[in-house]
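Straight from TrEMBL, the features:
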- 28-480: domain 'Major facilitator superfamily (MFS) profile' (DOMAIN)
- 29-54: transmembrane segment (TRANSMEM)
- 66-88: transmembrane segment (TRANSMEM)
- 100-117: transmembrane segment (TRANSMEM)
- 123-145: transmembrane segment (TRANSMEM)
- 157-179: transmembrane segment (TRANSMEM)
- 199-221: transmembrane segment (TRANSMEM)
- 268-286: transmembrane segment (TRANSMEM)
- 306-325: transmembrane segment (TRANSMEM)
- 346-366: transmembrane segment (TRANSMEM)
- 378-403: transmembrane segment (TRANSMEM)
Amino acid sequence: MLYASDGEDRSVTRETTEFRETPLPWGKLSVLLALRLSEPVNFSLILPFVYQMVKGFGVAESPKDISFYASLLFTSFSLFQTIMVMHWGRLSDRIGRKPIIMVGLIGNLVSSMLFGTSKTFMAAIAARSFNGLMAGNVVVAKAVIAEISDNTNRARMMAMIPLMWNLGSIAGSSIGGIFAEPVTQYPRWFGNMRVFAEYPYLLPCLIGSSVTLFGLIIGLFKFEETLVKKKKSSSETTLGELTPLVQNAAKQQEHTMWQLLTPTVRRVMGTNVVICLALSMADQSYPIFAATDPSDGGLGFSSRKIGISLAIASVAVIYLQLVAYPRLERKYGALGCYRRGQRFMIPYFLLMPFLSMLATSVEYPVASSISPARETVLWAVLVMLLLVRVVGSVLMLTSINLLTVNLAPTKSDLGFMNGMQQLAMSGMRIFGPLLSGLIWSWSIKHTWPFPFNSHLLWNICALLMLLAQQVSKKIPDSVNVFGPGEDETESEIRSDNQR
């Protein structure tokens, strides 16, 4: 159904026309969520210790260059994910969702072990690259959600995808911060274990791999294929005819990429690109910013503190995804939530670099001791800003998942559309960390005044978010309607292409 507007009166329109929500298929959904957990755990567990790991490799000439080399680790994952993600999505439309998910989990398991045993920077790059190459499960998971949901519960179920990412990020950040360098952190327990002295970052990778192994076992025995192939008398079957539940089979056909790239799709994907660029720049830079000395514009945190800071604010995600977002989506629609999330992010970007001033004042001039009161203030402000970031990202990323599946003209295009969205996200995760690493290194090496000092990176992110906000105002409310499988979609895509 179409929403009246993006204003407060949307709730009246929806409440008078909404019908009862279909109960969630928890059996299938819980299995899918268990499978989805492994990727964010293994992706985020390196964040707390990436600064120290790169420093230990000895590739950076000075501490101010570490951010650039750390950005290469992040970029390598995203580069190879970008190369393969659309192929994984389209392949899942052809052969089924389960085989792709199983292959992705195996790749995640192997790459995590390789990363934990890396002794050189190039070995770590190779492990992250292989991880990105096999990381296609997020595309398939979104397609599965679209196939097992309906119009009444799709928003709530789609919110589970970023929920699992954030829960996995909480777990991964905690694992990475607590268990990195165990011989140094816990000499009483691990001091005599030579394997962890030789590979100081193996233990968190082993723990992350156990999550992947659990998902692999669950998926192998419990996950049921959701792509039901349509029977045909002809031996030729197009990709677009492999999905059921299409009322008018005569109209169903595979759409080309240019047919799918309607003006509305281009606006949605364009804002997604800009948002992902800003988020990737900020998110991948935060561990570097937190580990950098306050005199250079950072917070001076240890790996343990970085892990704690990443985990604390993310706990709010549970409430936001399970309770708050479905209610907000019912009131404002996915597009309204998308726009509101962008508004949250701008103050977060602008205020975050000012924490360095507070961190500088935390230390006493004598004996390098720390004032508990001032450190409490620093942590309180940091957590509040990270909460703002969590709210904004939940609203935006959950909404873009909904908008993407809504824009697919048929269910047989779900894998491709989700792959195209993930391609945009992965592409920006290539350039974002690289760009942010270069900007951060340049800004702290030179003594330029505000806003070209350590604030520069964050100010650029704020400008990007402002740009996305302006473009999103031109997206029509019709994107709030789920299109796949409905009779009118073929005429809609034709008319949209003619505009």
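All residue numbers here begin at 1 and follow the chain in the order shown.
Using N, Cα and C of the backbone, Cβ positions are placed for all residues, glycine too.
Scored on C-beta pairs under 8 angstroms, the neighbour of the transmembrane segment (306-325) with the top count among 29-54, 157-179, 199-221, 268-286, 378-403 is 157-179. Within its own chain, the transmembrane segment (378-403) has Cβ neighbours under 8 Å at 142, 154-155, 158-159, 161-162, 165-166, 268, 272, 275, 279, 282, 299, 309, 312-314, 316-317, 320-321, 325, 328-329, 334-335, 337-338, 340-345, 347-348, 351-352, 355, 358-359, 362, 421, 479, counting only residues six or more beyond its boundaries. Against the transmembrane segment (199-221), stretch 100-117 has more CB pairs under 8 A than any other of 66-88, 100-117, 157-179. Of the ranges 66-88, 100-117, 123-145, 157-179, 268-286, the one with the most Cβ pairs under 8 Å to the transmembrane segment (29-54) is 157-179. In the predicted model, residues of the domain 'Major facilitator superfamily (MFS) profile' (28-480) average a pLDDT of 83.
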